[in-house]
Amino acid sequence: IFSTLKLNSAPGLPDTCALLQPPMSGPDIKTPTAIQICRIMRPDDANVARGTILKMIKEAGAIISTRHCNPQNGDRCVAALARVECTDFLWPMCIGEVAHVSAEITYTSKHSVEVQVNMMSENILTGAKKLTNKATLWYAPLSLTNVDKVLEEPPVVYFRQEQEEEGQKRYKTQKLERMETNWRNGDIVQPVLNPEPNTVSYSQSSLIHLVGPSDCTLHSFMHEGVTMKVMDEVAGILAARHCKTSLNTASMEAINFDNKIRKGCIKTISGRMTFTSNKSVEIEVLVDADCVVDSSQKRYRAAVSLSQEGRSLPMPQLVPETQDEKGFEAWLGGSHLQDSNSLQDSLTSASRLVHATMPS
């Protein structure tokens, strides 16, 4: 799994946002291409944790894609999350607000379906609504009788030919990006005793998690939303150690789910800093799943990169020590410059706004 998460300040965000646009694809009598689920945010959602939002987004996408890939006739299947293309955290959601999660199928290929998810928060006292999160996800239909078999995806009806052509471009782009991120899934460096401040080893953090029944689907495979939640927690711990202040995830890009994780596996989630700018940090998180109850001893690997940006506090600059760390910083430095230039061209668009980072 490989991903990029970005955090930055966005002062002057609008209090309200327009409601969702009509579905891009045409409705089908048997399998509707858009759904909406609602849930009130309670105190145990931690006001409201990013991991909770990620799980809700994943669940909404799984519902609509599973409905779509199960026609009246044919093998029954379940939609498995294959890739999270982009997730934007535009505005915080608070306890007591109602979350409206809308999912829409925007493109289907032979073996995958693209789902766009928007989350809005509603103040039930005033009726005010605002767009808080946006995400694009890709799902693949897996047979219920053989979870290693990927079935064909039923086609979707489009209002315009241009919509299908645009979807094909997005599909080809994400396939290329999946191949390009494989080389970056390297091992996390080993911890160092008494590391110097602001070095990679100083803020490096790890968590160990046993995959239990509550983390899994009915077929004993771990929910992808649980994996994203734990990865985000590790990144938050690491960022706090480096910056000595509170930071929040603003966006997440390109998580690839290449393998399924079974119940009973032991996951080690490790994070390291790879790049810093004046108000942002780039973090890589590696997930290593060890099947201790399986005689095959197969291992699953996953990686994610995060970046965080502050509003007024300067970001402590990273001090790379090894050649690998210096290579990461140089590569991500160029990527960060491109992202910054692109962001400046679209600051007036609400879709580019990101979750603000608040200094402690």
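The backbone N, Cα and C atoms fix where each Cβ goes, glycine too.
Here is what TrEMBL says about this protein:
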DOMAIN    31-145  domain 'HotDog ACOT-type'
ACT_SITE  ASN47  active site
DOMAIN    201-314  domain 'HotDog ACOT-type'
ACT_SITE  ASP232  active site
Task: Number of helical, extended and coil residues in the domain 'HotDog ACOT-type' (31-145), per DSSP - done: 22 helix, 56 strand, 37 coil
- [ ] Average the pLDDT scores across the domain 'HotDog ACOT-type' (31-145) and report the rounded value.
- [x] 88
Task: ASP232 (active site) CB neighbourhood, other CB atoms within 10 A - done: 24
TODO: Translate the DSSP assignment of ASP232 (active site) into the three-state scheme.
DONE: helix
